[in-house]
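Novice: Handing you this structure, nothing more for now.
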Amino acid sequence: MRFRPDLGWSDVTPRADFLNRRQLIGGAAMLGMGGLGLPAAALDAVESKYSTNAEPNTLEEITGYCNFYEFGTDKGDPARHAGQMTTDPWSVEIGGLVEKPGRYDLADVLKGQSLEERIYRLRCVEAWSMVVPWIGFQLSGLLERVGVQPSAKYVAFETLYRPEEMPGTRRPVIPWPYVEGLRLDEAMNPLTILATGLYGEELPAPNGAPIRLVVPWKYGFKSIKSVVKITLTEDQPPATWNMVNPREYGFYSNVNPEVDHPRWSQAEERRVGGGFFAAKIPTQKFNGYGQYVASLYDGMDLSRQF
Ligand SMILES: Nc1nc2c(c(=O)[nH]1)N[C@H]1C(S)=C(S)[C@@H](COP(=O)(O)O)O[C@H]1N2
Ligand SMILES: [Mo]
């Protein structure tokens, strides 16, 4: 399915059908109830303990105000152009220090993973934020399934690079393909998900269809979109913005109001949709997820290892 900015997802996909054909065929265990015949309201009934109570942004805001440089640098470019991206068929190459390397079809990636709704805050390094009701599953589930070798210490991710379908990649704005990385313990943290949906529907193209990483305690650029490759490594993998400007964008890039970007303060953020004159809200350390992740960084000086 291609993203149509003129339609809401509920217009194009019956809600009860949001686990699309190929996901159903893949046999993803939907909230432990099995996929087929899922009542429309079932998803709403399940509260993840990791979800925020904050009001989610609208679908229009989430799909219309995006960073996805493969389609241009304007916030509206992804909504205009990401629909060109072929997202079916889709496969993810999983390799490096794993027991079962291979090219996994999307349905196979989802096999055995339980999808759930996670309503997360998303804090962009540019000092705006949103609240997004993702549908996804824990990355740890996939890594356990493919078997992580003992020597693995990091997980590297890569986005699709297909210039014919990605007008933004025809200029060297940033190095292509977009790459990112996490330390293995960050990747295994229960907050870290691979998202395949949003608002109970398939993931819209501007947000990284058909599968993207979401790491809610880090600046948004760590949450790499449209993932085609996952590699377990011994050494810290390259990360796009860190390569472009290591002084401004650290490998860790945990949300931290105490460490300013060299060119602006990170103490506050503007919630998208509040209007330009809306009061800024204070940025929380680890984007408010410290109770789950602060211990990952015990003994680290987060102002130096940012
Ligand atoms: N491949 C790829 N992934 C990406 C980006 C990008 O340009 N290309 N932008 C990042 C940035 S800066 C942010 S803030 C989030 C935005 O996600 P959203 O548009 O779904 O809100 O995606 C991240 N993932
Ligand atoms: Mo961002």
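Numbering starts at 1 and runs along the chain as displayed.
Placement of Cβ uses the backbone N, Cα and C atoms for every residue, glycine included.
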Novice: In TrEMBL, the Mo-molybdopterin site includes Tyr69, Glu70, Cys124, Asn207, Arg212, Ser223, Ile224, Lys225. Which of Thr159, Thr283 does it also list there?
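Specialist: For Mo-molybdopterin, TrEMBL names Tyr69, Glu70, Cys124, Asn207, Arg212, Ser223, Ile224, Lys225; of Thr159, Thr283, the listed one is Thr159.
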Novice: Per DSSP, to which secondary structure element type does Asn207 (Mo-molybdopterin binding site) belong, with helix, strand and coil as the options?
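Specialist: Looking at the DSSP assignment, Asn207 (Mo-molybdopterin binding site) belongs to a helix.
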Novice: Under a threshold of 6 Å between Cβ and any atom of ligand 2, which of the binding-site residues Cys124, Asn207, Ser223, Lys225 are retained?
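Specialist: Only Cys124 qualify.
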Novice: Give me the long-range Cβ neighbours of Cys124 (Mo-molybdopterin binding site): same chain, 6+ apart, Cβ under 8 Å, in sequence order.
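Specialist: Long-range Cβ contacts: Asn67, Tyr219, Gly220, Phe221.
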